[in-house]
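> Here it is: the structure, laid out below.
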């Protein structure tokens with residue numbers, strides 16, 4: 001009699017979150033334009049491009065920015081695609097190669113109207129075109145904050161590669177600290193303010209900082225819960241569940257429960273900070289409200305995308321969203337050389 005397949009239970013961390021699913025009405029139109037633009041770079045092999053299509057990163061943008069103007073949704077879609085290609089190119093490289101790639105992207109963002117040199121990795125041209133289009137409709141304050149946060153994200157990519165190189169082990173505290181920049185939430189929040197002009201003294205108020213921090217850590221937990229199955233099968237331990245199990249010497253079930261409980265604490269802290277937001281006058285308050293509502297929607301949009309796209313569960317996402325159960329994948333030896341062949345790093 002065959003043994004039963006082990007099942008993984010995913011806690012429903014978003015069951016009490018008051019912000020409900022919404023999607024941008026320009027989704028299909030903007031997705032077609034953004035994906036056509038991205039595919040024109042031929043950044044992936046056919047196999048890797050097929051995986052990209054299943055992920056449907058434009059769906060993530062449409063769920064994360066349901067009230068964005070058409071041109072700002074385009075920026076969001078392009079940004080999600082840019083995140084993906086940077087992740088795919090750097091995830092198989094050591095810290096030195098990642099450093100070179102990151103420097104190219106930073107230079108392209110700082111000089112969006114200058115042509116990129118021939119023979120350069122295609123990341124530079126993708127980033128240059130993305131930013132040249134984005135700044136046409138972005139407020140000056142949002143441009144500055146996007147660059148600050150996106151460069152911090154890029155630097156974290158190099159740090160993550162260095163961690164891989166030396167098989168670094170983290171505590172929950174140090175893991176969350178390095179993932180806050182690496183998950184890409186802060187530049188994603190900058191898209192929320194493309195049409196806004198929030199002064200620095202308001203934007204960096206402690207209550208505002210708390211909102212973005214708590215939402216970011218919610219995103220980290222939710223992403224790690226849904227990606228754990230695939231990562232445990234491939235031997236990738238850069239996941240908060242592995243960190244919890246190692247630090248507290250506990251089972252996977254206990255790690256899941258710990259992560260879900262911490263997620264609930266973050267939700268409560270977020271709501272408290274939301275209620276403590278001061279007033280700066282009608283004009284500023286309306287912009288702050290729009291921005292904060294956008295941050296609050298991000299965890300909901302990300303959660304919906306995790307099950308509606310094929311990123312984590314293929315065509316079983318809706319079923320998993322209902323049952324919260326997924327068969328535990330068998331472990332296999334991690335072979336990064338195969339992934340390198342799939343990525344096929346492209347130059348201009």
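Glycine too: its Cβ is placed from the backbone N, Cα and C atoms.
Pulled these from Swiss-Prot:
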- 84: site 'Plays a critical role in the stabilization of intermediate cation' (SITE)
- 87: Mg(2+) 2 binding site (BINDING)
- 87: Mg(2+) 1 binding site (BINDING)
- 87-91: motif 'DDXXD motif' (MOTIF)
- 223, 227, 231: Mg(2+) 3 binding site (BINDING)
- 223-231: motif 'NSE/DTE motif' (MOTIF)
- 311, 312: (2E,6E)-farnesyl diphosphate binding site (BINDING)
> May I ask for the distance between residue 84 (site 'Plays a critical role in the stabilization of intermediate cation') and residue 223 (Mg(2+) 3 binding site), taken between their Cα atoms and rounded to an integer number of Å?
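Spelling it out, the Cα of residue 84 (site 'Plays a critical role in the stabilization of intermediate cation') and the Cα of residue 223 (Mg(2+) 3 binding site) are 14 Å apart.
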> Is it possible to get the count of other C-beta atoms within 10 angstroms of the C-beta of the residue listed as 'Mg(2+) 2 binding site'?
13
> DSSP on the motif 'DDXXD motif' (87-91): how many residues come out helix, how many strand, how many coil?
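Grouping H, G, I as helix and E, B as strand yields 4 helix, 0 strand, 1 coil.
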> What is the one among the binding-site residues 223, 227 whose Cβ has the most other Cβ atoms less than or equal to 10 Å away?
223
> Please identify, among the binding-site residues 87, 227, 231, the one with the smallest Cα-Cα distance to residue 312 ((2E,6E)-farnesyl diphosphate binding site).
227
> So what's the average pLDDT for the motif 'DDXXD motif' (87-91)?
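It averages 94.
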> For residue 231 (Mg(2+) 3 binding site), just count the other CB atoms lying within 10 A of its CB, please.
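Looking across every protein chain shown, the total is 17.
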> Are there any residues at least 6 positions away along the chain from residue 311 ((2E,6E)-farnesyl diphosphate binding site) with a Cβ closer than 8 Å to its Cβ? List them or say none.
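When sequence neighbours closer than 6 are ignored, residue 311 ((2E,6E)-farnesyl diphosphate binding site) has 54, 55, 56, 305 within Cβ distance under 8 Å.
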> Can you list the residues of the same chain, besides 223, 227, 231, whose Cβ falls within 8 Å of the Mg(2+) 3 site's Cβ centroid?
224, 225, 226, 228, 230, 239, 312
> Per DSSP, what is the residue tally for the motif 'NSE/DTE motif' (223-231) in helix, strand and coil?
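Final tally across the stretch: 9 helix, 0 strand, 0 coil.
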> How big is the Cα-to-Cα gap, in Å, between residue 231 (Mg(2+) 3 binding site) and the residue listed as 'Mg(2+) 2 binding site'?
15
> Please report the three-state DSSP label of residue 84 (site 'Plays a critical role in the stabilization of intermediate cation').
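For residue 84 (site 'Plays a critical role in the stabilization of intermediate cation') - judged by DSSP and reduced to three states - the answer is helix.
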